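Student: Following this message is one structure expressed as structure tokens.
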Amino acid sequence: MNVIKISPRGYCYGVVDAMVIAKNAALDKNLPRPIYILGMIVHNKHVTDAFEEDGIYTLDGPNRLDILKQVESGTVIFTAHGVSPEVRQIAEEKGLVAIDATCPDVTKTHELISEKTADGYDIIYIGKKGHPEPEGAVGVAPDKVHLVESEADIEALDLTSDKLLITNQTTMSQWDVHDLMELIKEKYPHVEYHQEICLATQVRQEAVSEQAGQADLTIVVGDPKSNNSNRLAQVSMEIAGTQAYRIGDLSELKLEWLQGVNTVAITAGASTPTPITKEVIRFLENYEPDDESTWKIERSVPLSKILPRVKTKK
């Protein structure tokens, strides 16, 4: 089968940094145990499973504050998605050692919100409800940050401030953000805007929009909780006009999707381990619709190959 390997794809620097921080924590014998991650360090189950083998445990819950209630001692790692100031304060009050793996792009958004709300602004924040990144951003100034995800949310806004600013979750579709920003500007013509789609997200979306149209089908390798992976599939369908499916790994690929397909494009979310994506690429490159010996779908990447290598400090 013809395979278009969309580039760039896969890991971004924020994800790699977060994983290296967590990996170094696992290697640091001086850190108090147990070591917990407040939510998924990045949105990929293969990564969290690999960290568990290294003795770092991922805690889950509806929000970071509730997750933190599960921890009474040891070390906590804040994920790449960021946390609210309240979470940081409670971790400190509990006497926990806190390690911050927040993506620098997310930190920049938090700083923008803090600066503008201190100057009297209300913030209209475009993001996905229930996702940890908006949770942390709203938590910077809960009374001043208004989360919107849809046109209905914008219609429901009732803001009277002369000082309004729009910003957004870093992993949203840039086209969705643009459309929602335009609706907000229609309602509040005096609003200022500061688009915060991170560069890694933007170039990956643009690559799909430009390259997926050459294929009959797009496969996005990424975790179901990965917003940027889901947005890549959306971009393929809505911008490039090519049917797309998101899979967590090779085991989720369906042979019926390949019927009548001559060329498939493949990309991966920013938190998808490279070996997982390479395994899917190898299968598709070897797949022949008339050769049953190429049809076997079997994931074989061991957890030991998932995490980046970190040099041990001497």
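A Cβ is built for glycine as well, from the same backbone N, Cα and C atoms used for every other residue.
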Student: Report the candidate from HIS81, HIS178 that shares the isopentenyl diphosphate site with HIS43, HIS131, SER226, ASN228, SER271, as recorded in Swiss-Prot.
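Tutor: As annotated by Swiss-Prot, HIS43, HIS131, SER226, ASN228, SER271 share the isopentenyl diphosphate site with HIS81, chosen from HIS81, HIS178.
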Student: Around the dimethylallyl diphosphate site formed by HIS43, HIS81, HIS131, SER226, ASN228, SER271, which additional residues qualify by having Cβ within 8 Å of the site's Cβ center?
Tutor: MET40, VAL42, ALA80, GLU133, THR171, ASP223, LYS225, ASN227, SER229, GLY269, ALA270
Student: So around the [4Fe-4S] cluster site, CYS12, CYS103, CYS198 aside, which residues have their CB within 8 A of the centroid of those CB atoms?
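Tutor: Other same-chain residues near the [4Fe-4S] cluster site: TYR13, GLY14, VAL15, ALA80, PRO104, ASP105, VAL106, THR170, THR171, LEU199, ALA200, THR201, ALA270.
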Student: Residues with Cβ closer than 8 Å to the Cβ of THR170 ((2E)-4-hydroxy-3-methylbut-2-enyl diphosphate binding site), same chain and 6+ apart in sequence?
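Tutor: Spatial neighbours, sequence-distant, of THR170 ((2E)-4-hydroxy-3-methylbut-2-enyl diphosphate binding site): CYS103, ASP105, VAL106, THR109, GLU133, GLU196, ILE197, CYS198, THR201.
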